[in-house]
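**Student:** Sharing a structure, written as structure tokens. Questions coming.
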């Protein structure tokens, strides 16, 4: 069981010039593009006083900032602490989980502001950004964080940055097709964020398949405290998900409703996750992996429909089902995907984002198709689905059809994009680690020589302590 | 010192069918009841546009969502991260602390939406829910989290769910008596949440008294990192408590004032807690147990009066006293309660919630009795105490009397309810662990085979490492 | 290598009477001063209904509470969790980091409410406080938390309280000179908070220079999990910094713009920090110290200019530069300062706050000097710089000059104040630990006898396990 790891490190994973080069060049590109294109939206511009008069607003509180900023901050926490810490469950990959998530998200939000800006906020040659753009950028990056979950521990930071660049681009294209061409509703992103992000990530990890990964099976597990760190991520995602699903909904009732629906769905999801976690295990004990992940499926699955009149009991039903589907997925499907389809899904994003995302898309299509003026009120009906202008004759059932089409488009772009990006990431120039060094921070990080680490080495006598 | 623990585990604590059954059945019941009863409030319903016209509102920003949602999210964090992590201080019960708190709170908020809804939001056969209901549900569950603190480590998850079912029910009854029949003010819940929750929990733990608990005295302590995890809980409770006490106060000055009073009280409380923690220890060192808990007593103790004109210096005085009372309680009263009264209070909720809750009720009664039109202004006086309709002739001193009566009612229902529920939980069907297995996650959780755990076993040579 | 540590502990660091005395006396002083001076602002007072009529406000939502409370809570989290956990990176000083930060901040906010109140909110003999005062008090304490970073692990809690008392006082004086006499803009506090706080702290640590500190070099490092705890602090500071810089800006566009600028600057800063962290290390690995700290420099450096029309690309440039400056500072400057100038800067605040703070002041001066009516609009220009009353003839370039003067004043007061306070803290009465006991919790805290601690001792055979 000899391991030529120092050789591998010296040869392949040396980041000293490659990572700085990518970071600096890309950041310079961002500055140039921002300089050319990005300006403040009227609500963030010093001309706001004039804007206010024009729009006939009587108070500063009508600024979109006050409608959305608290939700934005919650979403921000979900992306950086939520996703970051959720992935710290691995015993020796906490730095990579939090740190690389930090890196890719910080780059991704800038690129997303541009990509989404060109599609949605482009006016007379400039992208005008406000708080809603910040939320959308965070959303877009959320889909990258999801994909990161599939390849966690197996890629170099450069690969992650490359993936972010492409995935954000594809996300913006997919989002444009859905929201603008198909005129689909997807405020919480069941389709655009979760379905797209998860199947994209699963395709990438399939293409990056590593046959010898069982070599480091011992490092794929958690330790006691790493599971508690991961629970910080879980709980922040769980608590703030109502803000996520309501963050860019219409002002007023839509935001209010989206928060309530999500809250209900998530609550139900916890109960069925606990039930199936215990039931599917011989000893009847609860499994932290399920609690950390499947409890969140309810939030994913109402991403499309939360702002619709799903009703609280409808939300409970969705959450109920998703807790089951997700937990069953962790127990039976993840091992199957790995052994048969060679999809190595470190965090189980298939169970947390892919399946619940699909369910969310379908629930959204059904909820839209079932909408009536009776339930929504005449004005509410038009406002909820934005049946104005070119769409004023669209009926709920047609809308339902377009919603369903949105799922298909998201899947197609995810598979095609994931295949392309996977192929790019397979090039031998990005500095990824050898299979036996996966899930280990000390390839890319200065790791403190600590007692725990010594204890760890003690139990792995074949691995020499670092010099 | 032989331990027949594997036998105990195999026999009693097997959750595989019982826990799933309870979770699934109860969740189905929730779905049915929500389906029959729960609908959106007008502010979350798609008919909001019509509502807005009727209520003569000019802007969506007048939706209650924008008055209360940020506070709601802070309260939500307190319940799930605050209480959850506060209880992770035990060295080997972190999964149970965070995980069971998550389970009971997720169930409890659903049941609370129903129970509180029937009492307070029931209109033409339907419970109409909005963001204020979500906050109240979190509040209600807060009282269960408090009671959980007393029995932490000694009960099965089923017992916790059973307790939640009953406690939420009794909470709603008590709350109805106080708010509606006695017309008492208690926005931050000194009486309804803390006094009720704590004495309820203490009664339950008294009835569940375990004579041999000193067997696992070694597991009742903390380790270095578990104390830091607990500080996450402490700080989030401490920081967000101003949101807790102001979350359901009247719009405008009342919310504003409640936040300021709570902020002041909490600040003072930290100083006296530190002072007495050092003073009451021979070596003069600070004790993490006090810092984690007694620093919060100031928030509990202004729960009733925060929205009144307590004034900043009044708040400082309350916080000053409660830091002392609570710390002294940890040093002298908790051991006394355990040895003499057989009240085994794992987290010391008597010091953090029971005594400060009582003080809070009394401070509220005094502050109400001392109210004058001079201090509040004519309109402010009526608005602050809702002296309208049937209550328009009530005087401050009468109000003070009713406030005091509220304390007594809360205590009575807590004792009676706690006795009843304690008796139910004593039935030998709920799968609780034997005394020697208390405070240990691996009874109900899959615990990773980690190095720390090995290290732990190393120091407990009589305990064999799990296979 | 004999260590007479128990003697040292028994003699010097015994806190039992000194710490309680200081805490209790000072808290009593706070109560008295609050009683004499502090009352609610009109927006938090029960007379609000009358106030509303007078100010012609139509809705409670116009209460300043709803403009600022969400930002306040974010700032609050930054002070207590952000700074507290950022400093837990030391392997055996987590209790001190979080606990002493808690203590000094809780005292500091009270004293800051008074000091800032006398200068800014004093009306007919009373200080009238509202949510903006709470934010300003947190800001003021932020500068103390920064200074704490320089002396972390080397001072007693009493020294920290003494430093807080003086530093808050000097902060308020400096702030008054800048904001009121020089009429300088500094909403995010590049000058008043960061430059002042950092150079104050650096001066204090210079005066408290400990020649033998290399004795405990082994305790100045981190362990794996302590680095993850520190990342909690980092991320909360990073995520909420847009709230920090926008919290007290003018309602409407200014708050909106400040948040966007800060978001952009911080994002760019992450990329250059990662680049230089890898580049400056032979093995090309990332260093957690840089990620934990230098990623935040971008927030510091737009503290003055964020509410101005810095523009998103301007913010990116500032963040770009500061990530580099800060990381380079950690690698080259901190060792230099320690070895040559005898400035022992535990957390490297020179790199995170001092240099970026100076840059922030300069960027603010330039941005102000470059302001034109064309960019801001006629009304926006006057509103942004408050060119009204006595200042209505001030030009942008003059404003730029005053901004620059603000930097100089802040530096002067920081150096002079730091020297004075350092001299006071050098008195041998405050109970600080001997050099060999620095960076160790068990001098001032009851530390659990845990396995990790044993493991730690195992590797330090010269240190006997505590009895």
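These residue numbers are counts, starting from 1, taken along the chain as shown.
Note: Cβ is positioned from N, Cα and C throughout, glycine not excepted.
Whatever TrEMBL says is automated annotation, not expert-curated.
What TrEMBL records for this protein is below:
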- C:21-40: transmembrane segment (TRANSMEM)
- C:62-429: domain 'Ammonium transporter AmtB-like' (DOMAIN)
- C:65-86: transmembrane segment (TRANSMEM)
- C:93-114: transmembrane segment (TRANSMEM)
- C:134-153: transmembrane segment (TRANSMEM)
- C:160-179: transmembrane segment (TRANSMEM)
- C:191-209: transmembrane segment (TRANSMEM)
- C:221-240: transmembrane segment (TRANSMEM)
- C:260-280: transmembrane segment (TRANSMEM)
- C:313-333: transmembrane segment (TRANSMEM)
- C:404-425: transmembrane segment (TRANSMEM)
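On this model, are these features tucked inside or out on the surface, and what's nearby?
**Tutor:** Distant neighbours of the transmembrane segment (C:21-40): 107, 110-111, 113-114, 117-118, 125-130, 158, 161-162, 165; these residues of the same chain sit at least 6 beyond its ends, with a Cβ under 8 Å from one of its Cβ atoms.
Residues 43-44, 97-98, 101-102, 105, 130-132, 134-135, 138-139, 141-142, 145-146, 148-149, 229-230, 232-234, 236-237, 240-241, 243-244, 246-248, 251, 255, 292-293, 347 of the same chain, all 6+ positions outside the transmembrane segment (C:65-86), place their C-beta atoms under 8 angstroms from a C-beta of that stretch.
Residues 68, 71-72, 75-76, 78-79, 83, 86-87, 90, 93, 96-97, 100-101, 104-105, 108-110, 112-113, 115-116, 120, 159-160, 163-164, 167-168, 171-172, 175, 189, 192-194, 196-198, 200-202, 204-205, 208, 219-220, 244, 247-248, 343-350, 352-353, 418, 438-440 of the same chain lie 6+ residues outside the transmembrane segment (C:134-153) yet bring a C-beta within less than 8 angstroms of a C-beta in it.
Within the same chain, residues 22-23, 26, 100, 103-104, 107-108, 111-112, 115-116, 118-120, 140-141, 143-144, 147-148, 151, 186, 191-192, 196-197, 200, 204, 406, 409-410, 413-414, 417, 420-421, 424-425, 430 sit at least 6 positions outside the transmembrane segment (C:160-179) and bring their C-beta atoms closer than 8 Å to a C-beta of that stretch.
Counting same-chain residues at least six beyond the ends of the transmembrane segment (C:221-240), those with a Cβ under 8 angstroms from any Cβ of the stretch are 74-75, 77-78, 81-91, 94, 266, 270, 288, 291-293, 295-296, 299.
Counting residues 6+ beyond its ends, the transmembrane segment (C:260-280) has Cβ neighbours under 8 Å at 188, 238, 241-242, 244-246, 286-287, 290-291, 294-299, 301-302, 305-307, 310-324, 326-328, 331 in the same chain.
The list of residues near the transmembrane segment (C:313-333) in space but at least 6 beyond its ends in sequence, with Cβ under 8 angstroms from a Cβ of it, reads 260-273, 275-277, 280-281, 287, 289-290, 293-295, 297-298, 300-302, 305-306, 348, 350-352, 355-356, 359-360, 363, 367.
Tertiary proximity for the transmembrane segment (C:404-425) is limited to same-chain residues at least six positions away from its ends with a CB under 8 Å from its CB atoms, namely 147, 155, 159, 162-163, 166-167, 170, 173-174, 177-178, 182, 184, 186, 191-192, 195-208, 358, 361-362, 365, 432.
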